[in-house]
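Report on one structure; see the data block that follows.
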Amino acid sequence: MNFNFNKYPILSFANSVENLRLLSVEQLPQLCFELREYLLDVVSISKGHFASGLGVVEITVALHYVYNTPFDNLLWDTGHQAYPHKILTGRGEKINSIRKKNGLHSFPCREESEYDSLSVGHSSTSISAGLGMSIAAEKEGRNRKTICIIGDGAMTAGMAFEAINHAGEIQSNLLVILNDNQMSISRNVGALNKHLKILRSVQNTQKNRKKIRLLNKKLFFKDKRIQNHSISFNSIFSNLGCKYLGPFDGHNIFSIINTLKKIKNKKGTYLLHLVTKKGKGYLPAELNPIKWHTISSRDSSVSKSLSYSDVFGTWLCEIAAFDKKLIAITPAMCEGSGMVKFSRLFPNQYFDVAIAEQHAVTFAAGLAISGYKPVVSIYSTFFQRAYDQLIHDIALQKLSVLFAVDRAGIVGNDGQTHQGVFDLAYLRCIPGIVIMTPSNENECRQMLYTGYMHNKGPSVVRYPKGYGVGALLMPMNRIPIGKSLIKRRGKKIAILNFGILLHNAYCAAEKLDATLVDMRFVKPLDKSMILKLSSQNKFFITLEEGVISGGAGSAVNEFIMVNKIFLPVLNIGLPDTFIPQGTQEEIRHVYKLDSEGIYKQIFYWLRQ
């Protein structure tokens, strides 16, 4: 999509940071207006992360105007807000390809541009990486600046505070910009959110500084290093050793530039608190930033099936209605996980712990020890952030906690940072854990119930993003642990399917006249079924939507080797690589996990 010069005259000129710096300060408000309009035009067509970028237009322009990027490092935490950054760094005409196959990455990516100092996608990493870059620059004697832009939602994660704690001690030359829009994807929660609210209230007093100082000289003091007399006081960040500045209006381009220029060459760790509006410039997004966080593609026909997240949310409400011991936990993913209705109906049984996966898991451990029945809803890609807690605090103590692992397998457009393809490999080695892989919505429902009723340790139900196949939801019944189902009987070939590729596998099995088994459980495996099938077939095929290395197929391989079962096995899944962006259908086609691809992989393997 090319810039329309008549509509975007200044943006057309400022299509690189070199040209941006040729503009006068007086031209920057118009640039911000055009940049925001361009975002509205492009993202509404191309789809993608919408509201976050609208909120940081002025911050983005100011940073590239004042700092010498790409020599100076800009680190965008999480990356939802980086679309304006991409546009100003030479990628504006490709922005309509974002999140598409072979298009621009959803988030900053070092392989994509020298202006992307850090590849991101998960939250709360910027300050740690930025501190490392700052130390490296000091050791090299290079006057390179490092600036981290982090949202108040991402600031709730423990890793961000670990980095602030370190930075405040060593006083490296680092600027942290806190983009405070009171949101992550959902509305922010927790004591930090309340603290920032108190800090934001200072904005309303800055017009009356003299009066306030007379009333309470101890509350505020004049920072002589900043000529505009910004207010500094006892914030949590100053207590951790940062030079805290703000809060300031994050949409006042002149104020931001003046402040950045004055602290640009100062020594030590600064935290600049800027208050912004998520969705700024587009009223529907300002009023409902949760809905407009991302614009998703819409199919021409509305699916009549439930999404797996909806299945989970409905199941959760049904259980909570008769079991007051159920406690549902989410790390800041209420909407995406299908928990909105539950949070409203059962507020006393619901905890949003913010972006704190480690805390979420050990919090669940404490509840389980105390006789409650925790259900932790977590995305597959974020579950890996709490791996030690799962092992040390849950599995080692044999605590009965159910993990509803959403977005498992191929997720799609958010790309390599968000694909949920590693969970089976990193979960399978944990002693005593039960891992279930539903093949449709009803199986998901029954497995959730089975895992909830399991009282001998942790259990996991991993299910995909998106809609199911339209399976009828049946009354809840426990599934026998470790038992599979034969879905089709054939000859010579046995396909052992784990999870949602069952329908695709069935099409391939029909062509090959193969036996098809819905294995259901990755751990414990249905060993009796494998032994039985090994005596009736000449070839085994395992199928999963996850990495082959260490996954469900590897579990089958290990079992047949230990039991001296000598027959060829083909493991079908995802290769040893990071899976790029694209639609789920496109990615399955590329990696031959659609029905035709599965058939061809088996067919050509048999011919070898």
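Even glycines carry a Cβ here, placed using N, Cα and C.
For the thiamine diphosphate site that Swiss-Prot gives as GLY121, HIS122, SER123, GLY153, ALA154, ASN181, TYR282, GLU357, the extra residue drawn from HIS64, HIS80, HIS85 is HIS80. Neighbour counts of Cβ atoms within 10 Å were compared across the binding-site residues HIS80, HIS122; the minimum falls on HIS122. When the record's thiamine diphosphate-binding residues HIS80, GLY121, HIS122, SER123, GLY153, ALA154, ASN181, TYR282, GLU357 are compared pairwise by CA position, the greatest distance found is 32 Å.
If you take the Cα of HIS80 (thiamine diphosphate binding site) and the Cα of ASP152 (Mg(2+) binding site), they are about 13 angstrom apart, rounded to a whole number.
Residue density at GLU357 (thiamine diphosphate binding site): 26 other Cβ atoms are found within 10 A of its Cβ, drawing on all protein chains shown. Cβ contacts within 10 Å of ASP152 (Mg(2+) binding site), excluding its own Cβ and spanning all protein chains shown: 23. Within 10 Å of the Cβ of GLY153 (thiamine diphosphate binding site) there are 31 other Cβ atoms, across all protein chains. Annotation note: ASP152 (Mg(2+) binding site) sits in a coil segment as assigned by DSSP.
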